[in-house]
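Peer 1: The structure follows.
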Amino acid sequence: MTTILAIETSCDETAAAVIENGDTIRSNVVATQMESHARFGGVVPEIASRHHVEVVTAVVEEALEKAKVTYQDLTAVAVTEGPGLVGALLVGIHAAKAIAFAHGLPLIGVHHIAGHIYANQLVAKLQFPLLALVVSGGHTELIYMEKDGQFQVIGQTRDDAVGEAYDKVARALALPYPGGPNVEQLADTAEATLDLPRSWLEKDSYDFSFSGLKSAVLNRLNNDKQRGIVTDRAALAKGFQESVVDVLVAKTVRAQAQFNVKQVVLAGGVAANKGLRKALTEAFANKDVTLLVPPLSLCTDNAAMIGACAHSMWLRGIAGNMAMNARPGLPLSSF
């Protein structure tokens, strides 16, 4: 049996979890900073780092207490190594190093995006080869995994990540941070849809582009304002969301067919979007494919996903050392 303490501080959530055997959550504690960043309309790196410093010890202690384990019960300590905000990452890494050194435990550095994918291991057993659609504030990627721990990025955003596009459109629509859930909530009230462009790029490309769609929203708002027209904000939000979902789902379906995988997993903060979850479920309903969609608690940043990924690494004999450092631009291909 393995019992891993995992720590995640890559952005604005301070999280710790205890994961047993890679698929059982003994505890999963998250301290959010959302209110602190909301008035700025986005995450302020220095504020995020300071908040992590203030609460990381208490969050770790709460995770251990809820799991009813002590440091002596642990097999290893895992922590997000990158990518993310360098100052935020360092807080978690130093906390993990201190625990590992003090208690003679192995230290495992985990890639944040790999963690999002392995969050699905806490839902059902991952079956390789598989295809992962990762959608978050900083990432939009289609990833083919031929086997456990092997990542091939077959498509990625060329400009804005989908979560970033949601935040920018939310600001344009005078909606509060975070943008994703607020744009979705507004779209749900729409009685009509304003048709917006879909960016398909080259015929065979699995890459994404959302800057043009974002610009189309801004242009519609500006043109309506100049003409004295009151924009139907709900219809515009719905049109934006439908455009995003159509492209994400279509490229995922095409990649599944080309790579002939039997399991598709959804991962990342934007995986919480009801419209995307519904569209993917419908797209694969009549296909010989298993679609894994994590519960909402495992979509946004958390440490349980880091622990699940760390368990896979532990079984493959992968561990770090005390020289580990923050790697804010860590590519998944080199992980």
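If you go along the chain as it appears here, the first residue is 1 and each next one adds 1.
Just so it is clear, glycine is given a Cβ too, placed from its N, Cα and C backbone atoms.
What Swiss-Prot lists as Fe cation binding site is HIS112, HIS116, ASP301. Annotation comment: Swiss-Prot describes VAL134, VAL135, SER136, GLY137, GLY138, ASP167, GLY180, ASN273 as substrate binding site, evidence class sequence analysis.
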Peer 1: Please work out the number of neighbouring Cβ atoms within 10 Å of the Cβ of HIS116 (Fe cation binding site), leaving out its own Cβ.
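Peer 2: Around HIS116 (Fe cation binding site), other Cβ atoms within 10 Å: 30.
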Peer 1: Mind computing the max CA-CA distance among VAL134, VAL135, SER136, GLY137, GLY138, ASP167, GLY180, ASN273, which the record assigns to substrate binding, rounded to whole Å?
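Peer 2: Greatest Cα separation within the listed binding residues comes to 17 Å.
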Peer 1: Spatially speaking, which of the binding-site residues HIS112, HIS116, ASP301 is closest to ASP167 (substrate binding site)? Use C-alpha to C-alpha, please.
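Peer 2: Minimum Cα distance from ASP167 (substrate binding site) across HIS112, HIS116, ASP301 lands on ASP301.
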Peer 1: Round to a whole number and give the Cα-to-Cα distance in Å for the pair VAL134 (substrate binding site) and HIS112 (Fe cation binding site).
Peer 2: 11
Peer 1: What does DSSP call HIS112 (Fe cation binding site) in the simple three-state scheme?
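Peer 2: DSSP assigns HIS112 (Fe cation binding site) to helix.
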Peer 1: For HIS112 (Fe cation binding site) and GLY138 (substrate binding site), what Cα-Cα distance in Å is obtained after rounding to a whole number?
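Peer 2: Roughly 11 Å, rounded to the nearest whole number.
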Peer 1: Rounded to a whole number, how many Å is the Cα of GLY137 (substrate binding site) away from the Cα of HIS116 (Fe cation binding site)?
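Peer 2: About 12 Å separate the Cα atoms of these two residues.
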Peer 1: Would you kindly give the Cα-Cα distance separating HIS116 (Fe cation binding site) and ASN273 (substrate binding site), rounded to the nearest Å?
Peer 2: 15
Peer 1: Could you give the Cα-Cα distance between HIS116 (Fe cation binding site) and GLY138 (substrate binding site), in whole Å?
Peer 2: 13
Peer 1: Rank the binding-site residues GLY137, GLY138, GLY180 by the number of other Cβ atoms within 10 Å of each Cβ, and give the residue at the low end.
Peer 2: GLY138
Peer 1: Does DSSP give VAL135 (substrate binding site) helix, strand or coil?
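Peer 2: The three-state answer is strand.
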Peer 1: Identify all same-chain residues not among HIS112, HIS116, ASP301 whose C-beta atom falls within 8 angstroms of the centroid of the Fe cation site's C-beta atoms; report them in sequence order.
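Peer 2: In sequence order, the nearby non-listed residues are GLU8, SER10, THR80, ILE113, GLY115, SER136, GLY268, GLY269, ASN302, MET305, ILE306.
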